[in-house]
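Participant: Could you have a look at this structure, given as C-alpha cells, before my questions?
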C-alpha cells in the first residue's frame, strides 16, 4: 500500500521516535501510582477511585469522553465538506448537562450502586429490565469500541506506514495491561494526557493555518465567504440529514442517554464524595466542553482556509473525507520533524484511553448485572470480585480486538454499528425516565416499552439502509492547485482494496459521519419509505418517546400492589407532582438494599453522615416518612413521626431487619 507521502524511513525517523516515546510515556505514567503509590486494594478502589481523583482531572476526563476521537478528526472534515450544521449539536450537548445534573445524579447518588443498571433492578424489582438495559449497553459498546480502536490504525497505516494489524494489537494489548494494573484513576489520568495533547496539537494547527493564509481573521472570513458557516437553519423537514432542530433535539436525547444512562459516565460521577462536588464538576464542565468542541471546528476552519482553492480529495491526494486533517499535518508540518509522530500518537492514545475506560465499565456492568447473581459466585471476597472484574475486562479487550479486525475485513460494519448506537439510545433513556419520573411505572411496562421501542427503532434503522439518500457535499475546487500548493514529497496514493472498501470513520458514541458519497436518487414517498427517510438524528427521540408512552400505558393497565418500591428510587420532583393528582396515594416500601455511600470526613468514627441528608435537602426536603397500613409511605411532614411498628420490606429482601 502506498501512502500519500513518499518520504523515506530516515526522513520519518523523528516521527517514529516521537510516536514511540509518547506511547510509552502515556502508558506508563498513569500506571506509576500502581507501582509507587496507593494501590487499588478493593473493588471500590478499582471501580471508583475513592476520592483520589481531582475535580480538574475529572472534568477533562468527562469532556474527553463527551467528544472523543471524532472531535479531533471528524469535525474538521465535516466543516470542510458539509459546513457547520453539526456544530449546532453543541446546543443539545450543553442542554443535557443540567438535566443530567439535577434529574439523574440526585437519584443515583442516593443509592450507593456500583452499576447504573442496578438502579433499574431496585426500582422495578426486575432482573429482566436490568438485563435488557445492561445487555443493550454491552453490545453497543463492543461494536463501537471495535470501530474506535480500528479508526486510528487506518490513519496510521495511511500516514506513517504502521500495519493496521500491528496498531490494533498494540492498542488492545496496552488496554488489557491498563485493565489489569490500573483502574478508573489510571483511565482518567490517560484521558487527561490525551486531552491536553489534543488541545496543544489543535492550537498548533490553528497557528500554522493562520501563518499559511496570512492572518487569524482569514480563518473565519474564507469559510464564511464560501458558505461553510450557516447557523440557525430551521427547515421543518425531518428527512434532512441535520438542521438546527434535529441537531439540538437529536443531540439532547443522545447526550442524555450517554451522560445519564451509560456506565462509564455515571461511574465517574459516583467516584466523587459528595453530590455538591458532582454538581459543581458537571456544571463547570459546560464551558470546558464548549471550548474543546469549538476548538475542533476552528481547526476545520483553518484547514479549509488553507485548502479553499485546492481540495486534496478532489485533486486525488486523499481518498476519504476524514483524511483531510492527517494530510494537513503531513503537508504543512513537514518542516518540523516529530509533529506528525505526536499527531499520530495522539490518535493512537485517543483510541487507547477510550478503550481503557470503557473496558473498566463493561467489566463492572457484566459482573454486577450478570455474574454476581450466579450461585457459584455468592459470598466470594471483595478481592476475588476485583480479580474477576479485571479478568472480564481482559476478555472484552480481546473481543474488541476481534471486532476491530472484522471492521477491517467487512464492508458496511462501521455504518451499521453507528446506527445501532442511535437506535439503542432512545430505549435506554426511556426506561430510565420511566423509572425516575413516572411513579406508576412497573416492570411490565418498562420491559414492554423497551422491547417495542427496540423493535420499531431497529426496523426504522435497517429500513433506512434500503432507501437511497442523496449525500450532499458542499462544492470544492482545484482551480488554485499549483506545483507549490503541497509540500515536496506529497504524492497521490495508489488504490488498495482495504482503503477502497473501508470507510474511515471516527465515531465511538455518535453516528454522525457517513462518508460514502452516493449519487442523487429520486425521492420515494409513501409508507414505509417516508418513515425510513427520517434523519437518524431523530432516532433517539423516537425511541425515548415510544418507551415512555408504551411503558406508561402498560403500567397503568397492569398496576398491582406488588409494584411498591422505595421512594428514594423516584426523583423527588416526580413524587411531589404525583401528590397533586387525584386518586389513591401510592404505597412505598423501605428497601434495605439501598445503602448510600459514606462521606469522608465524618465528625466522629461510626457516625458518618450519608450523602442522603445533604442530597435530600437539595431535593425540596422530601425526606420524611409516615406509616399507613403497615407499609412505609413517604410524606412531606416537616418532622417524621415515630414509627411504632417495624418497616415493611420487599418480599425477597429477607436478610435485612431493623
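Heads up, the Cβ atoms here are built off N, Cα and C, so glycines get one too.
Annotations in TrEMBL come from automatic prediction, not curation.
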Participant: Using TrEMBL as the reference, determine which range in 196-216, 217-237 is annotated transmembrane segment.
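Facilitator: Matching range for transmembrane segment: 196-216.
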Participant: Can you tell me which recorded stretch out of 89-111, 196-216, 248-266, 445-465, 536-558 has the most Cβ pairs within less than 8 Å of the transmembrane segment (333-352)?
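Facilitator: Most contacts with the transmembrane segment (333-352): 196-216.
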Participant: Flag the pair the transmembrane segment (248-266) / the transmembrane segment (162-184) as in contact if three or more Cβ pairs fall under 8 Å (sequence separation 6 or more).
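Facilitator: Checked: the transmembrane segment (248-266) vs the transmembrane segment (162-184), no contact.
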Participant: Residues of the same chain, at least six outside the transmembrane segment (536-558), with any C-beta under 8 angstroms of its C-beta?
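Facilitator: Contacts of the transmembrane segment (536-558) (Cβ under 8 Å, skipping residues fewer than 6 from its ends): 238, 241-242, 246-247, 249-251, 253-254, 257, 419, 422-427, 429-431, 433-434, 438, 440-442, 444-446, 448-450, 452-454, 456-457, 460-461, 464, 511.
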Participant: Could you pull out which residues elsewhere in the chain have a CB under 8 Å from any CB of the transmembrane segment (445-465), counting only those six or more residues past its ends?
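Facilitator: Sequence-remote neighbours of the transmembrane segment (445-465) are 120, 124, 126, 128-129, 132-133, 136, 416, 419-420, 422-424, 426-427, 430-431, 434-435, 528, 531-534, 536, 539, 542-544, 546-556, 558.
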Participant: Using a Cβ cut-off under 8 Å, which residues of the same chain at least 6 positions beyond either end of the transmembrane segment (196-216) come close to it?
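Facilitator: That would be 22, 26, 60, 72, 222, 292, 295-296, 298-299, 302-303, 305-306, 325, 328-329, 332-333, 339, 342-343, 345-346, 349-350.
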